[in-house]
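According to TrEMBL, the protein has these features:
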- B:T193: active site, nucleophile (ACT_SITE)
- B:T156, B:K182, B:T193, B:E279, B:N401, B:T406: substrate binding site (BINDING)
Protein chains: 2
Amino acid sequence: MTITIESKLQVLKNGHVTSPKGYSAGGVHCGLRKKKLDFGWIHSENPATAAGVYTLNVFQAAPLKVTKESIEKEQLIQTLVVNSANANACTGEQGYLDALETQRKTAGKMGVAVDHVAVASTGVIGVPLPMEKVRAGIELMNDNSSSENFEQAILTTDTVTKHIAVQLEIDGQMITIGGAAKGSGMIHPNMATMLSFITTDAAVEATSLQQALREVTDQSFNMITVDGDCSTNDMVLVLANGKQKNNILNELHPEWQVFKQALQLVSKELAKMIARDGEGATKLIEVQVSGASSVTAAGQIAKAIISSNLVKTAVYGADPNWGRIVCAIGYSEQPLDPQKVCVSLGDIEVVKNGLPVDFDESEGELYLGNETVVLKIDLQNGSHEATAWGCDLTYDYVKINASYRT
Amino acid sequence: MTITIESKLQVLKNGHVTSPKGYSAGGVHCGLRKKKLDFGWIHSENPATAAGVYTLNVFQAAPLKVTKESIEKEQLIQTLVVNSANANACTGEQGYLDALETQRKTAGKMGVAVDHVAVASTGVIGVPLPMEKVRAGIELMNDNSSSENFEQAILTTDTVTKHIAVQLEIDGQMITIGGAAKGSGMIHPNMATMLSFITTDAAVEATSLQQALREVTDQSFNMITVDGDCSTNDMVLVLANGKQKNNILNELHPEWQVFKQALQLVSKELAKMIARDGEGATKLIEVQVSGASSVTAAGQIAKAIISSNLVKTAVYGADPNWGRIVCAIGYSEQPLDPQKVCVSLGDIEVVKNGLPVDFDESEGELYLGNETVVLKIDLQNGSHEATAWGCDLTYDYVKINASYRT
């Protein structure tokens, strides 16, 4: 079934948020960072149906409040702007006013309704947003920029830009979904300094879009961790401008599952790009948990493993020390029978029914030397499964974070 | 009140588990480690009333099962033996039989009842316990060893031994409580590869001792974290041999609170020694949370902060980046009002009522350069408080754990 659906999807070779029809994007340097681009935007030719999910951190940053309030009014966004280098978080009433001004000035510059502008920020917490620079950024918005510039402008400690687009046919129309994301540190289930923007030229009903985004996020952005810290600024926004004339998509449309699958693919790939680019990371770790008594149990166990500093350093050191994996399973506080647990490093079985398997250590070391490492856990305790992604913990993580602001 | 009680306690200058009357201890090399001592024991002249708390990890190691089962029978322990280098965890039926044999052979050697022997192990998971070496260790047990040797024998990646003793007067008798502990990595609330043994010459009722140990553990060993991983082997045991002829201590004894306070002091100091000696650590971090709506909320928030890799690296880098502390408070999922939160680094207030305070950054850096760093959080949301301890996250943590087994 999954294969049938996925076979209808085509990943574009060099996909961006501007791959779907009717979108432009760009990025400029406005002085928030020393030299790098620091102010980016995505613009749709027409107001697009919008949905968003936001951090659960109680110190939610000002731009999230502004964006959330605006989307709640009409579920429409036409322009979104993002600044890096400053999170506009823990900045009180002034921070909120700054986010509102950013929204209002962008609306004026682009000639769109104020409530059709989304704002997002990422960077240092607790420093007032330097508004003269943000205003300069808004003034610099232009038609000659590119989605590559947008992807650059939203980065903080990321080492690479993150983007993708997929296509699928719905109602005889070739629908495209594109996405761009940033995130490298402070990444954890429930979204840490992680921004992700998804665009599509499909026509989608607002409530269905919101529901689909929430579901998809739970299996993608909420299943990655770099360091276990959830940020004040995370958000995922999806815009659907309906430039392709498909019958409006909702739960009743025969192709709804296919569309959701495409949205899922875009989200999952962006999430994996973020995990792989975790601060100091040299490897992507994928933890597949199967045979769980519930999806929640599978997810919690996968997250316990992917969050374990000891597992992360063992993978970094290519040490097939499965005891640390078993240990993390054991403290996940989920229902399981220790005597049924099986663990494999890729296809190398190392634990069967709770007991060590005699395996070739050097083969294990060789496998953990790969750039992508898959840890498979079968609990033999049910039929549910979940997958989580993360990265290894390295000297460079410590280096980056012991001196981030200096 | 607390001061009055603590003034009755005296910390001995060079206290050990043998400071209380009637205990001997020792450690030998039996071949589990290359050169270092690897097999230790504590012995009481008479069977001592015993209480224990054990890891919550579902992969509980074999020695814990054996010790727990024995203490449950008569609440008496006379001899305890500990091996390092091998955890005897995930070793199945054979592991359990090996732990039983260790117990039985120790009983024979020392001439005590089998059920009066406690066994403990720490080290690598999933490798069968080399019984010929353990048997040799038991044969080497002798009267000419010392508590220093015991403290050495139970270490793994620890860099220092950990011991303390305090005295207090009860019923005209000078009561002594001594303790020794090990633990350096895989340390987390709910006890990770952390072993702690406490001895006293007081006479204490078994059920009261068990209850006191549980309470005390919740505010000491369960409030430390090094890397967030809970191990399969943690235990805390307390022995009370009644060599001092006080009226048996229980909840009805007028000095019960003083005794508990002393037990608390020993536990807390041992816990702090473990946190300070965390793998690769250069600093002890103490997080004091006050003004919480409940003890649970205070504890969870303290643990969220002390477990944050971003906070830990910031302290390592002496970077007064309070945004990371606020962020950790925000994702702790505890009831609080973001606009009331105050944060201080030592006595330097950096956040007041949820907003940044203009402070001297260089002063903050100077403070974070100390060997002990106290982070104070006042939630202004109630009257409950909790304290947690941990350490900074450094290059050496990664180094140690990327190559622990090799």
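Quick reminder: no glycine exception, Cβ is built from N, Cα and C everywhere.
Please treat TrEMBL annotations as automatic predictions, because they have not gone through curation.
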| note | Min neighbour Cβ count (10 Å) across recorded positions B:T156, B:T193, B:N401 flags B:T156
| message | Rounded to a whole angstrom, what is the C-alpha distance between B:T156 (substrate binding site) and B:T193 (active site, nucleophile)? | response | 9
| task | To the nearest whole angstrom, state the Cα distance for the pair B:E279 (substrate binding site) and B:T193 (active site, nucleophile). | result | 12
| said: Just to verify a number: CA distance, B:N401 (substrate binding site) to B:T193 (active site, nucleophile), in angstrom, no decimals. | reply: 14
| query | Taking the Cβ of B:K182 (substrate binding site) as reference, which residues of that chain separated by at least 6 in sequence fall under 8 Å from it? | reply | B:S84, B:T122, B:E151, B:I154, B:L155, B:T156, B:D158, B:K162, B:M194, B:L195, B:S196, B:I274
| query | Which of these recorded positions, B:T156, B:K182, B:T193, B:N401, are close to chain A by Cβ (under 8 Å)? | reply | B:N401
| request: Provide the three-state secondary structure of B:N401 (substrate binding site) computed with DSSP. | output: helix
